[in-house]
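Colleague: What TrEMBL records for this protein is below:
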type     : residues : note
TRANSMEM : 35-56    : transmembrane segment
TRANSMEM : 95-115   : transmembrane segment
TRANSMEM : 135-154  : transmembrane segment
TRANSMEM : 191-213  : transmembrane segment
TRANSMEM : 219-240  : transmembrane segment
Amino acid sequence: MSHTAEMVSTFNNFYEISSVEVGQHFYWQLGSFQVHAQVLITSWIVIAILLSLAVLATRNLQTIPMGGQNFVEYVLEFIRDLTRTQIGEEEYRPWVPFIGTMFLFIFVSNWSGALFPWRVFELPNGELAAPTNDINTTVALALLTSVAYFYAGLHKKGLSYFGKYIQPTPVLLPINILEDFTKPLSLSFRLFGNILADELVVAVLISLVPLVVPIPMMFLGLFTSAIQALIFATLAAAYIGESMEGHH
């Protein structure tokens, strides 16, 4: 009985650790679940911005693109080139929408955190910020990428896809398995850490020095935010291409 009680106590301790939070958050209660309302609100705003831009730029398509259509086609061409470079000429087309969605959502989310004064809007608890400023968002994006490259490998190679784990020698099986766990961890924490650090630096500078001084740091934040979106999309495409090629 004492051993069982000790195990129950250990599980309770783990549960208490999992409930630890950094700062305050605004929650919505959906049945028996609690969700971060502040993340959902800003995510929906970013999605609405992307949908609005897409509709406005493509509602009057012309053979010779001009204005918004020209810009959208340039962005599409950029995403198509990025996907083709990482996945290959033969396989890249079905993955352009996925990689493009990842890139645009992260790009607009990051820039919204740098340009839009989210903190002006007051909440009962917590405060609004860029969606990518929350670890839940970046982990979800990384897990979607993991699902995508597993699907790509299985769709092309079938169950023989799992043969890559024992190549070039079965001795490397644990390391090859561990690699698939480190990929989403690396993607999520890199994006989350860079965006959070950038916002914290700008917030501290604004609180310590006059408004004019942090402006160069804000422009640097815009640049690094764009780079982070590009890195995430490039790595996602590279992982998908790698899973279909079947080698490292």
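Every residue, even glycine, has its Cβ placed from backbone N, Cα and C.
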Colleague: List, by number or range, the same-chain residues at least 6 past the transmembrane segment (95-115) whose CB is under 8 A from its CB atoms?
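Modeller: Here the qualifying positions are 42-43, 45-47, 49-50, 75-76, 79-80, 82-83, 87, 129-133, 137, 141, 144-145, 148, 152, 191, 195, 198-199, 202, 218, 221-222, 225-226, 228-230, 232-233, 236-237, 240.
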Colleague: At a C-beta cut-off of under 8 Å, are there same-chain residues at least 6 beyond the transmembrane segment (219-240) that contact it? List them, or none.
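Modeller: Cβ under 8 Å, 6 or more out: 79, 82-83, 85-87, 95, 98-99, 102-103, 106-107, 110-111, 113-115, 132, 141, 145, 148-149, 152, 183, 187, 190-191, 194-195, 198-199, 201-202.
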